[in-house]
């Protein structure tokens, strides 16, 4: 991939303009444009072996073993055969290569869809300039110029969820002609496109509205034709995707450092022993030349040189090759636990959790930063009409007969909409009072839903009688129109000049005179319509703060009541809108319409002139009420975020949604809380503004003076504890120098940070990135809005660059791929936005709530097991090896081994392999329930407390002590000792047997002390390994084996002659006690004087606590959403332009049963039953609310109804 990446960069530098001809492959191939083939794998058939070996030999230990192999070929140095190193090395490389190949094959699974270019081809064979046909619900897998479609006026509907994370339906307009295209070169800008189409000597402009981008999905359009502009890696989506990188855990990187330290220590030990051999040869060596003659020319110096390399081979067990084999098996086993976890299985979609890589499990136990997408990851992207306020009365809550509010659940009775055959059967509402008000023809309620049915940009599709499907630009719009539909005001069709609705069974057509579109500044939209009776009305919906500024003063008391309702709605995390209207004078409107036409055709300053006209007519509005929509979160999201926060994991939400939407979700999912000291909004439009909002010296001085009585826009200085800054100057980044790790600053409370995409672009500049990072890291939660896929990756890279922390990115769409690839751990949600994120991820599952189990249970256990394994493995091998070092001083530094050769061979392979694997696969400090009850158990992993350089050197010190005991106690016990029958037992073979038996007992007892969770498997492995040792020892030291191969089994009779002596077993007991006594003492004192969180939890009562009640998290807040819509500016122009015309609708009936003032069979419930705990009828109007013209409208009965 790196080679392909280089090619793309070079080509991008050369290509200044793209030229292509439609359906002319010969011409287009001359430019050597990229094909549409996408390669996401790391290897292919030819590069697998060299690249994989290169990756594996990045492990210094593997290179070390290769070096040992070379040494063992030299007979003057090696006392061991060459195959003793070759076989394990080849085994390790082969197992790892097979695992890497399997992972890569899984990650490169792709879907191929058929396309048409006069013949059937696959997507990977499509070339730039080809004309292809797409059909409904197919993915767009190349950047296309739209040519024609099945829809009127050649429009298409596309879903952009893979691009911006929102399942919105957009309209793309046709480019009618064919010819030669000149356009911009490949780039990563999703929001812009410039080019020209030349046909018959005429040039036609091309813009983003005429482009279908890779990653979109064709919706509600039978077919369309498109011209391929960019293919494969040159598409805008792939330009936003990061490259595949080799991900390695922090433990792997630490191991490389430790192996270097071990090499240095090994060199020191070998040097000491070589010097000892040199001195011994000078002083005592001549006495042995009688029976050990030296070869010609071999003096003491040369002997010392050979001794050095001999001890390099003998002491190589300080870095045993079996370590890496064991690590791979442990990672594989822990990956299977994730795949097999039924509690992470999502039965609704039949989706289990999947560990798509087996090399990063322990990294899951060290996550400090989680970067999450919003739509489809935290939310279901499903909007539900939850509550509303109409003319000062709140609807949506359910009360019992005592007047107490009931919690709405799945078992709560829903409103019966059977009177309306056009109702959406999936819509649910629980307050019967609202449908009763509709049936009783309450004029305020009717006007409320009439506004929802008219003021929108939704498209209706009705292919069968009564089956209406809405295509909305945002889910909010669809929820509001669907609510109006169910309550009797059914939007059915529209043209550029009219909107047809069914009002309580009567078909009515309103003339659409003007649509005042939404934009980010207005935060509202309005329509001006003429009713069938000729009445002119303006209907407006938008952010309550914006609408309130434009209300008539007669609505002041109604505003107060509605504001209380809005506060209640916002306190529950609902997305709110205010609704208002006004009647227009015919003469005034005609004048305004003329000025509107002039402004809309003006080429100079058109937008500002239109805004002035909109401001002029949207005045003196009369308040109708407010809506409250729930952006339905996935199950368990608030609880998951709360648990992760308790585990000191910082969560950053990176979303393409607008600020208000993201903020509301932040409150709903418990990411932002009202208990926070402040929420900082960074929305500057220039570098200076952004820097000022992040931190400035002038504002800092003001903050010192007014900190207690003013809210300052400056973020970072507001969070500082001290009144003067300590180390306020940020380090300058010097080119070519590795970045300095930035430590966290402590804030004086809990804060949140919200930053917009345009401000983030400035904050990520080199001159300001450290400022932004320091400010963001002081906050408990960070939300980045309106960010591009590339910006998501840049934020992740920024944290990785300057923070010594492990990052995790989680998302579900193609717009999250770059972020997933950039993070240390990538998690894909297999949701409704395709498989791009899953295919690029390291782990995948179906619901965000499974993340807490992945991290707090599987991740923590994997990290704990791996750390215990490494500590114990180094301990047992260092102890094993250091005994050789002490023995060298008693064997003339002759490179003789202290153990039997068979024991050396089987020590790591048989005697100690299974017990440590059992611990590494089954050990638990606490079970999964306690892991959730005490999320603070996760913190030690973030701080690398279980295995670090300090822990490694403590392990080496412990091994040094144990090796001294294991050598000198048996040496002293056996020296000048005889058997109970008077025979000599002080020989080399007896000493070797005693030493290795003491060693095996000591390391086994140490393993028992390390294990926190004993299972039948662990017990069998431990006891079975000891039994295996004695069985193998007695077999190999038997007469029969010696008679078969005398040279291979020289320890004849040693086992039965030594192990039947009481003093031998007493020595084994003594050495075992002396080895473990300091460990037991140290741990006892540590638990008593300075207990860790693990010690406290394990000492807690073992009685299981009752399962936590799942309560709905509510936030008591006075904050309301600024605007609930996920709108995009300019959609209203398409609605009124005439370009969207749909096919003629089928003949319709009203679909309503007769409804009058008295409805048979209807029994009022809830508040509508007339009961009130205060004694006041619930249906009575709110007192002191001035009567508006809408309330007087009741006396004028609509003849159509």
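Placement of Cβ uses the backbone N, Cα and C atoms for every residue, glycine included.
Range with TrEMBL annotation region 'Disordered', chosen from 1074-1097, 1098-1121, is 1098-1121. Checking the ranges 839-859, 902-922, 923-943 against TrEMBL, the transmembrane segment annotation falls on 902-922. Range 869-890 is the one annotated as transmembrane segment, of 803-824, 869-890, 1133-1154, 1155-1176 (source: TrEMBL). Taking TrEMBL as the reference, the stretch among 1064-1086, 1179-1201 described by the feature transmembrane segment is residues 1064-1086.
At the 8 Å Cβ threshold, with sequence separation of at least 6, the transmembrane segment (300-325) comes into contact with the transmembrane segment (902-922) through 3 or more pairs. Contact between the transmembrane segment (951-971) and the transmembrane segment (1021-1044) is not supported: fewer than 3 Cβ pairs lie under 8 Å, counting only residues 6 or more apart in sequence. Nearest by CA distance to residue 812 (Mg(2+) binding site), out of the recorded positions 373, 518, 575, 786, is 373. Within the model, the domain 'P-type ATPase N-terminal' (21-86) shows a mean pLDDT value of 74, rounded to a whole number. The transmembrane segment (991-1009) and the transmembrane segment (869-890) are in contact, since at least 3 Cβ pairs between them lie under 8 Å (pairs 6 or more apart in sequence).
For the transmembrane segment (869-890), the most Cβ-contacting stretch among 257-280, 902-922, 1021-1044, 1064-1086 is 902-922 (pairs under 8 Å). Within 10 Å of residue 816 (Mg(2+) binding site), counting CA to CA, the recorded positions 373, 375, 518, 575, 786 contribute 373. Reported as a whole number, the C-alpha separation between residue 518 (ATP binding site) and residue 373 (active site, 4-aspartylphosphate intermediate) equals 25 Å.
Here the Cα atom of residue 786 (ATP binding site) is found 11 Å from that of residue 373 (active site, 4-aspartylphosphate intermediate). Among residues of the same chain six or more beyond the transmembrane segment (1021-1044), those with a C-beta under 8 A of the stretch's C-beta atoms are 900, 902-903, 906, 910-915, 917-918, 993, 997, 1000-1001, 1004, 1007-1008, 1050-1056.
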